[in-house]
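Structure first, then comments.
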């Protein structure tokens, strides 16, 4: 079964072009500042994903405050979660132009502003704009850089690093559930959101820690990867031939454009040096022109990379397994989000509030989720284990739990299923690793932006759909059954497409041999 992008013949060019000349490994790859990046990403997951998974507490407060239907009120949480992920492709454009650090700092300010403005909400529709849109966009501008930076700084221990950083979601869910419950009880939900907004300003600090790697550092990372995959040289060669036959955009036009840009900037510098005898105003104008020219070059290069990833000859959509991955993401995330949003209501419906107050079911998911991410990350990094197989097994376990959850009407039964949901959903830490295996580090920001965009669409419509079904049937059972079946459809796409991709090259080689 599929293990990496080399096995299916997809390579976007950066690995195969690395020379065999030995290079001294950079201490920041898999070590040094890389662990500060993991810490930064860990805190981002606590403050963003943890807070969003604890929105069931605020959802109950909004139901009492605004006296609206469950379906309409659930849109507030869904908009926040959905927009955080849906804006991924556009955040990829920001990253290409401004870098991860600047994007994350701006996002931290927007996220805090959304929480604070939501404290003054007069109706649910006001929350759609402030909390759903404003805080959601801010969260997306911090979340994607946090994931991408870990992928850039790690090579040998990618799955473990992503697992450790994304455990912040579990810790954050546990901490934020308790924190929001305490703040709502002591100060009311409005003051609770105001305080949470102040806490969210720490996202700017997390963004400041995202020190970018130089192009030289990235090239050294590619050398390390090339050395670790010498036993798959034949597969890499086949990947290069496949890409050439598919007409993937080469690097020559890009190099020519860079040379032209450097020549233009060089002429500006020459004019500046030659004009030192001129007036100070002319010198200021030249410096301003030089700054604007450099900014224009950066924006053009970033937009060119973003555009080619989506619409150019090197479009990510030419990778059929990646397209199957997108289809899976469209159905998968809602199955994980629905329990978090509606579990408090299910507990109340089954008269289990007393047991749930002692140890909330959402906290059980969050705690086991932490161990799931770390354990699945460690297993996936073993040389004899395929990350793809671990990813699929976790998906099968999660969809089984989603279909089983409505059958459990006791606290013990719900607790066991929630624990399994928490552990199997640890596959989220493998998503960046699988994405990078499919498209490479260079295209990771744009590719993962597409994946989380699909997840965002799933999160956007999942909880309101469950609330709408409840308003009709007064039960959540059908919501879980339908979500589970759609999730299974996505998993089937993941199973079928890699087999087709492997079969096609064999058929092609057989035809060539006959000729």
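Just so you know, glycine gets a Cβ as well, placed from its N, Cα and C.
Residues or ranges marked as compositional bias 'Polar residues' in TrEMBL: 234-245.
Under the heading domain 'Major facilitator superfamily (MFS) profile', TrEMBL lists 37-502.
What TrEMBL lists as region 'Disordered' is 229-266.
Per TrEMBL, the feature transmembrane segment maps to 33-55 (among others).
Positions annotated as transmembrane segment by TrEMBL: 75-95 (among others).
Taken from TrEMBL, the feature transmembrane segment covers 102-120 (among others). Sequence-distant contacts of the transmembrane segment (102-120) (same chain, at least 6 residues past either end, Cβ-Cβ under 8 Å): 44, 48, 91, 94-95, 126-127, 130-131, 133-146, 190-191, 193-194, 196-198, 200-208, 210.
The transmembrane segment annotation in TrEMBL covers 126-148 (among others).
As annotated by TrEMBL, transmembrane segment applies to 160-180 (among others). Counting residues 6+ beyond its ends, the transmembrane segment (160-180) has Cβ neighbours under 8 Å at 34, 38, 41-51, 53-54, 56-58, 146-147, 150-151, 153-154, 192, 196, 340, 360, 362-363, 365-370, 373-374, 376-378, 381, 422, 426, 428-430, 432-433 in the same chain.
Same-chain residues lying 6+ beyond the ends of the transmembrane segment (192-210) with a Cβ under 8 Å from its Cβ atoms: 36-37, 39-41, 43-44, 47-48, 51, 58, 100-105, 107-109, 111-116, 118-119, 131, 138, 142, 145-146, 149, 179-180, 183-184. Here TrEMBL flags 192-210 (among others) as transmembrane segment.
Residues annotated as transmembrane segment in TrEMBL: 321-341 (among others).
Per TrEMBL, the feature transmembrane segment maps to 361-379 (among others).
Taken from TrEMBL, the feature transmembrane segment applies to 386-405 (among others).
Away from its own ends, the transmembrane segment (411-434) comes close to residues 147-148, 150-151, 158-159, 162-163, 165-167, 169-170, 325, 336, 339, 343, 346-347, 352, 355-356, 359, 361-362, 364-369, 371-377, 380, 387-388, 390-391, 394-395, 397-398, 401-402, 404-405, 444, 448, 451 of its chain (Cβ-Cβ under 8 Å, at least six residues beyond either end). Summarising the annotation, TrEMBL assigns transmembrane segment to 411-434 (among others).
Per TrEMBL, transmembrane segment is recorded for 446-466 (among others).
The list of residues near the transmembrane segment (478-496) in space but at least 6 beyond its ends in sequence, with Cβ under 8 angstroms from a Cβ of it, reads 324-325, 327-332, 334-335, 338, 342, 392, 395-396, 398-399, 402-403, 405-406, 462, 465-466, 469-470. If you look up TrEMBL, you'll see 478-496 (among others) marked as transmembrane segment.
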Stretch with greatest number of CB pairs under 8 Å, the transmembrane segment (126-148) reference, 33-55, 321-341, 361-379, 386-405, 446-466 candidates: 33-55
Using Cβ atoms and a strict cutoff of less than 8 Å, what residues sit near the transmembrane segment (321-341) while being 6 or more residues removed from its termini? 2, 8, 10, 53-56, 59, 74, 77-78, 81, 85, 173, 362, 365, 395, 398-399, 402, 405, 418, 421, 425, 434-435, 438-439, 447, 450-452, 454-459, 461-463, 465-466, 479-480, 483-484, 486-487, 489-491, 493-494, 496-498, 501
Recorded stretch that, among 33-55, 361-379, 386-405, 446-466, has the most CB pairs under 8 Å to the transmembrane segment (75-95): 446-466
Spatial neighbours of the transmembrane segment (446-466) far in sequence, C-beta under 8 Å, 6+ residues away: 71-72, 74-75, 77-79, 81-92, 96, 143-144, 147-148, 151, 305-306, 309-310, 316, 322, 325-327, 329-335, 337-338, 341-342, 431-432, 435, 438-439, 476, 479-480, 482-483
Tertiary contacts of the transmembrane segment (33-55) (same chain, 6+ residues out, Cβ under 8 Å): 76-77, 80-81, 84, 104, 111, 139, 142-143, 146-147, 149-150, 153-154, 161, 164-177, 179-180, 196, 199-200, 202-203, 206-207, 209-211, 340-341, 362, 366
Need one number: mean pLDDT over the domain 'Major facilitator superfamily (MFS) profile' (37-502). 77
